[in-house]
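What follows is one structure encoded as structure tokens, with my remarks underneath.
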Amino acid sequence: MTEVNGARRSVCIGLLGGLAGMALGGAAKARPTVDDQGKVFRLDGGKVTYAFGLNPQGQLQTLYWGSALAAADKLPGAAAFRENSSNETQSVVTPFEFPGFGGGLTVEPALKVTFPDGVRDLALRYVDHQAGEDRIVVRLKDVSRAVHVTLTYAMDEATGILSRSATVENRTNSWIQVDQLAAASINLPYQDDYQLQYLTGKWSGEFTLETRAITPGSTVIESRKGVTSHQANPWIAISRAGTDEEAGPVWFGALAWSGSWRIHVDMDAAGNVRATAGYNPFDFSYRLKAGESLASPAFHSGYSDEGFGGASRVFHRYQRTRILPGAPTPRVRPVLYNSWEATYFAVDEKTQGEIAEKAAGLGVERFVMDDGWFGARNDDRAGLGDWVVNRKKFPNGLAPLIRRVNDLGMEFGLWVEPEMVNPDSDLYRAHPDWIIHFTGRPRSEARNQLVLNLARKDVYEYLLKMLDTLLKDHNIAFLKWDHNRAWSEPGWPGVAPGEQQRLYVAYVDNLYKLLGELRRRHPKVEIESCASGGGRVDLGIMRLTDQVWTSDNTDPFDRLMIQDGFTRAYTPAVMMAWVTDAPNFLNKRVTSLEYRFLSAMQGGLGIGANLNHWKPEDFQKAKQLVADYKTIRLTVQQGNLYRLVSPQKNSPRSATLSVSPDANQAVLFAFLHASSRMERQPRIQLRGLDPKKVYTLRTISGTVAPETPKQASGAYWMGNGIGLMLWGDFAAGAVAFEVQ
Ligand code: GLA
């Protein structure tokens with residue numbers, strides 16, 4: 001199948017054959033329905049209905065996307081749109097589901113191709129469809145040339161998240177060149193007050209929320225970097241002017257792709273709003289020989305009328321139940337220790353062993369040794385690519401340290417950055433041609449490193465063997481998989497010039513294949529996606545990795561903002577944060593240990609401080625907080641998240657609440673950033689509790705207001721709220737509410 005829980009490439013129409021053309025007037029909810037004439041296609045799931053139709057010209061048009069309609073509601077078929085004027089023709093004003101560049105199209109196409117004779121006109125028309133358990137697959141074809149397109153619409157019954165993707169197939173006798181391919185075009189119902197939200201960033205400043213009104217013209221968010229990027233993340237949310245955190249309509253979606261991508265949002269001359277998401281057409285070209293095909297990544301999109309909070313909660317649920325490894329019940333994140341900020345490249349058996357002893361005493365479950373354990377890797381100038389244990393630092397290999405870590409009751413994890421080399425490495429000296437480059441041109445370095453061309457078969461095989469051997473030879477439970485630079489000079493010498501730009505797709509395909517194969521061979525090994533922090537966080541990589549490194553910025557205050565942005569799109573089930581030293585390495589801010597813990601405890605908890613510098617009271621406090629965290633982590637990681645008070649817009653305070661799916665536990669984290677002019681702290685009203693259940697309060701950290709009852713109903717906590725005594729700068733409190 002195209003996407004949902006499978007490989008991206010093949011569209012398995014055969015499986016659906018028996019169900020083709022079902023007319024399902026009164027069918028069970030969530031089963032895709034197609035009307036008797038085969039002209040109105042409808043998918044229902046969660047609280048959402050999506051419908052599209054076939055117009056008299058044989059083109060697919062969006063009919064409806066929004067809150068669930070009654071099963072008996074009949075949508076009118078797709079009428080032919082009349083041109084506004086000779087300047088806004090039919091092809092401009094029609095909300096096409098998947099427009100080809102051709103037939104007069106001047107808005108954003110989903111597919112653009114070039115034929116060998118110079119023709120660049122593609123007019124796609126309906127051929128047939130098949131409707132299955134959870135999906136509708138529609139085939140289109142150009143009016144005269146054998147270019148076939150298969151569109152897949154898969155609706156998740158529980159959440160109403162619609163996964164869309166497209167495959168273009170060349171059945172002509174010659175090559176065709178795909179210049180642009182999207183997963184989908186999505187069309188919003190006509191309104192004049194749409195707002196667009198998206199996430200931008202930079203190293204140490206990922207997941208910054210941007211909001212702008214959608215007005216005539218386009219907004220392009222993209223990565224041209226070969227990797228998802230810090231600079232923008234492939235997620236958007238479109239809302240109406242009045243939408244807020246808990247009420248109002250939100251249409252949202254995220255592209256499952258870890259290479260260069262683009263989401264193009266535009267309002268055309270007639271005021272229609274559409275978004276087109278797919279491969280970044282910048283520098284893109286994918287030549288298909290006769291008989292070959294190219295699949296797009298999937299665009300997972302949803303709708304909620306419960307505001308931005310409702311949108312992210314339903315998307316989190318979808319990610320937990322349909323995307324993450326282990327879905328529908330992903331494994332809970334263990335508490336980890338990571339050596340990076342503590343010892344940087346100066347890792348060795350003795351120091352790591354000593355720190356491991358201390359970490360184990362805190363209740364840490366996984367000890368991760370970061371960069372510096374291999375080759376001549378004493379700084380970032382050399383050794384990357386030489387994945388042999390450095391015998392000066394580890395005279396007897398990694399085995400003694402791993403044994404010690406295991407004997408302490410912890411799993412062992414290791415940092416790798418397989419896709420990169422330092423020019424000063426044995427690997428590069430042996431294979432200078434293995435990197436992405438243009439023949440005879442300078443090779444730009446970043447952090448003194450170059451990018452291996454993983455699209456190459458030999459590179460793929462080398463990395464598979466190297467990683468497979470590493471995992472076979474050692475008791476490694478976890479890999480932190482890093483990717484510390486963007487691509488440059490994206491050439492692929494070794495294939496014909498006309499094939500070189502396949503790199504953008506072939507690299508990422510091989511990355512997914514490599515991760516998938518390693519997981520198959522080592523099913524117990526977990527992987528973290530890291531790219532200088534949060535540079536590779538997307539639904540493509542999240543299928544194959546158990547957690548993501550959110551940011552190299554470990555300052556607990558900055559992190560509140562980063563986490564607020566992150567959770568707009570992605571689930572806290574994968575969002576890692578570490579408690580590191582104060583002053584923070586990045587901005588020198590000093591915060592209390594409790595504050596650092598409470599900030600990091602809102603996702604998967606890690607500790608990255610140099611424990612050799614800690615005082616006995618730090619250990620005592622940290623041990624208690626780790627123990628407390630273990631009592632709430634399932635709710636925090638996999639519960640329903642309410643961003644009660646957002647840190648956005650320079651708010652002086654923020655608060656999040658996580659509620660377990662059975663509503664028997666809720667965990668509140670509250671932060672005061674700075675006290676000012678004796679300002680009073682508003683009471684915090686909870687959400688998502690069962691009003692009838694009685695919840696007992698358990699203070700994890702901080703002090704609740706003196707009048708707070710020990711026990712009260714969900715109705716009380718939601719109606720009357722709770723006061724926390726927060727004073728000074730960077731103060732925090734955490735409270736659990738539990739049904740006994
Ligand atoms: C990247 C990661 C860090 C650390 C270093 C090691 O910057 O984001 O967490 O692993 O690489 O070199």
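Cβ atoms are placed via backbone N, Cα and C, with glycine included.
Per TrEMBL, the features are:
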type     : residues                                                         : note
ACT_SITE : D482                                                             : active site, nucleophile
ACT_SITE : D552                                                             : active site, proton donor
BINDING  : W203, D370, D371, R447, K480, W481, D482, H483, N484, C530, D552 : substrate binding site
DOMAIN   : 58-289                                                           : domain 'Glycosyl hydrolase family 36 N-terminal'
DOMAIN   : 654-733                                                          : domain 'Glycosyl hydrolase family 36 C-terminal'
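The average pLDDT for the domain 'Glycosyl hydrolase family 36 N-terminal' (58-289) in the predicted structure is 96. It is 7 Å from the Cα atom of D552 (active site, proton donor) to that of W203 (substrate binding site).
Sequence-distant neighbours of K480 (substrate binding site): residues of the same chain at least 6 apart with a C-beta under 8 Å from its C-beta are N338, V368, D370, G413, L414, W415, V416, I527, E528, C530, W549. Between the CA atoms of D371 (substrate binding site) and D482 (active site, nucleophile) there is a gap of 10 Å. By the rule that a residue counts when its Cβ sits under 6 Å from some atom of ligand 1, the recorded positions W203, D482, D552 yield D482, D552.
Within 10 Å of the Cβ of W203 (substrate binding site) there are 16 other Cβ atoms, across all protein chains.
Counting only the Cα atoms, the space from W203 (substrate binding site) to D482 (active site, nucleophile) is about 14 angstrom.
The Cβ of N484 (substrate binding site) has 23 neighbouring Cβ atoms from other residues within 10 Å, across all protein chains displayed. Around the residue listed as 'active site, nucleophile', a 10 Å sphere centred on its CB holds 23 further CB atoms from the protein chains shown. For the residue listed as 'active site, proton donor', the Cβ neighbour count at a 10 Å cut-off comes to 21, with all displayed protein chains included. Here the binding residues for substrate are W203, D370, D371, R447, K480, W481, D482, H483, N484, C530, D552. Their largest Cα to Cα distance works out to 19 Å. D371 (substrate binding site) is surrounded by 23 other CB atoms, counting those within 10 A of its CB over all protein chains shown.
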